[in-house]
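As written in Swiss-Prot, here are the features:
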{"type": "DOMAIN", "residues": "1-244", "note": "domain 'tr-type G'"}
{"type": "BINDING", "residues": "10-17, 74-78, 128-131", "note": "GTP binding site"}
Amino acid sequence: MNIINLGILAHIDAGKTSVTENLLFASGATEKCGRVDNGDTITDSMDIEKRRGITVRASTTSIIWNGVKCNIIDTPGHMDFIAEVERTFKMLDGAVLILSAKEGIQAQTKLLFNTLQKLQIPTIIFINKIDRDGVNLERLYLDIKTNLSQDVLFMQTVVDGLVYPICSQTYIKEEYKEFVCNHDDNILERYLADSEISPADYWNTIIDLVAKAKVYPVLHGSAMFNIGINELLDAISSFILPPESVSNRLSAYLYKIEHDPKGHKRSFLKIIDGSLRLRDIVRINDSEKFIKIKNLKTIYQGRKINVDEVGANDIAIVEDMEDFRIGDYLGTKPCLIQGLSHQHPALKSSVRPDRSEERSKVISALNTLWIEDPSLSFSINSYSDELEISLYGLTQKEIIQTLLEERFSVKVHFDEIKTIYKERPVKKVNKIIQIEVPPNPYWATIGLTLEPLPLGTGLQIESDISYGYLNHSFQNAVFEGIRMSCQSGLHGWEVTDLKVTFTQAEYYSPVSTPADFRQLTPYVFRLALQQSGVDILEPMLYFELQIPQAASSKAITDLQKMMSEIEDISCNNEWCHIKGKVPYNTSKDYASEVSSYTKGLGVFMVKPCGYQITKGDYSDNIRMNEKDKILFMFQKSNVIKIMERSGNFYKAIQ
């Protein structure tokens, strides 16, 4: 039996989960069709998903149709969970991209399609909700060709809310023959030579073109009324082909972790090559660590079943493997889809329990959520001791807050959400703190040079000190101190895009330790940073704005107000296409504004493109002034228990 792994993708409220539930029901995997409104869906299994009617975590189920086993991965539709969607792309053989016939193409739709196109993932476009009042399919077809691709093949016509095929193994419209010829040289040569070409020949060529992601078939339906679902199943089993196995050696990729109500850990793996068997002893990540497979399940017709073996391209589930982490692999390192650019969160907030004694409980719960979703980043601020979480958006914050309360029984409060800025030194500086020169309490001399690097370079660390004079353990301690120092600059944000050179060192052999160098480094670094000053960097987005020509003047005015950098404008009689860069902070709500003033016709698509020096206002990420921070570091070291906040002290260390 052929096995394929299919992603179901869509913008929010396009009916993605409803389509998935109908696929399960129509294929016989379930006895009734789950409804989002009723909270009885199979794929949205979390209580919060059922209650809010949105998908938070990618879920996997399975159907069989026309002799093909299809593992369906239902992904979140909200931008706040884009990291979950990106992980899914790595394991797909194909995708169904769902559009709402009423709302049309949204910014998320285009972002998803562009990624599918870039990664050359075979994709079927399914226009859902054709039963809705006010649907204008002709306008949507034009929108698809304008904003997604010209290489689409409309497989059906819609009459009175029902779908009828116009392209199949037995029949193909004349204009579609020309379409196929324009995309395949072999068919074109036969066509020009007046050779006989049957509908089946055209059909097989279309299958090949779809498999190569050169053509995108478009189907129609209504999940609400089970219209077009069987036709979609036929298209999936025809157009999405399984990859060829290249080896019999085990290669498996861990893409999902979940915990059951009793806390047992389930790890989901895609078997890339070979097979995984019960009681196998397998290697993790080419390391020296081996595990024994003590239990093994797969998904069959919507149910998890115990098996002795899971073969290539299928999904395996292993329970209670505590060492597993998302992204791990078993056996040979797999060749996964490349080219994904991970999007980092641009927001952060402090979180605290309503009851202070439950802080450790919150940290434990967040660690569990991090195991299930590695994009969830949290840390303890080394200065304020606050627990901070990085976020993609407000919806993610609300989901985390609800999960902590309902799943882990701990109520928390989130402080104001801030944009994540960064800092970079303004100029090259050098700073030295000498051994035995008060108030230096450490048996160490350290000199550091800081110099700015081009944006996007990151942190570079070099040493001018020979290992013959100062051995590895001492120098590594300095490097650790530098990395720690970069976590919080003068305004409390990460310091990046700089080179730090370890330029001077002195120690006393009987008493100096690596700890002296590790603990002194942050003081030297901070004083150097104060001497240099910093540029504040803000997150930037690359944008593409597609709007009707009549709205172009307003759009350009808006973009100027948002301090964008317009790189290209191209217009025709009907549409205007604008590209450029815009600060995240000024544009985070603009997609909904575009939809409003263009009456749903405009699309504002964005993706992260790094940081640049801010042109507008910014917020600090600190709770104490800078001199207090230096004092705080000395006191925290436990070397100086009490130190007077005297001007002489600050003068001495500066």
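Here the Cβ of each residue, glycine as well, is placed from N, Cα and C on the backbone.
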Item checked: Sparsest-packed among the binding-site residues, when each Cβ's other Cβ atoms within 10 Å are tallied, from Asp13, Lys16, Thr75 -> Asp13
Note to self: Quick check: in three-state DSSP terms, what is Lys16 (GTP binding site)?
What the structure shows: helix
Check: Across the domain 'tr-type G' (1-244), what is the average pLDDT of the model, as a whole number?
Finding: 87
Notebook entry, point to check: So for Ala10 (GTP binding site), how many other CB atoms are inside 10 Å of its CB?
Noted result: 26
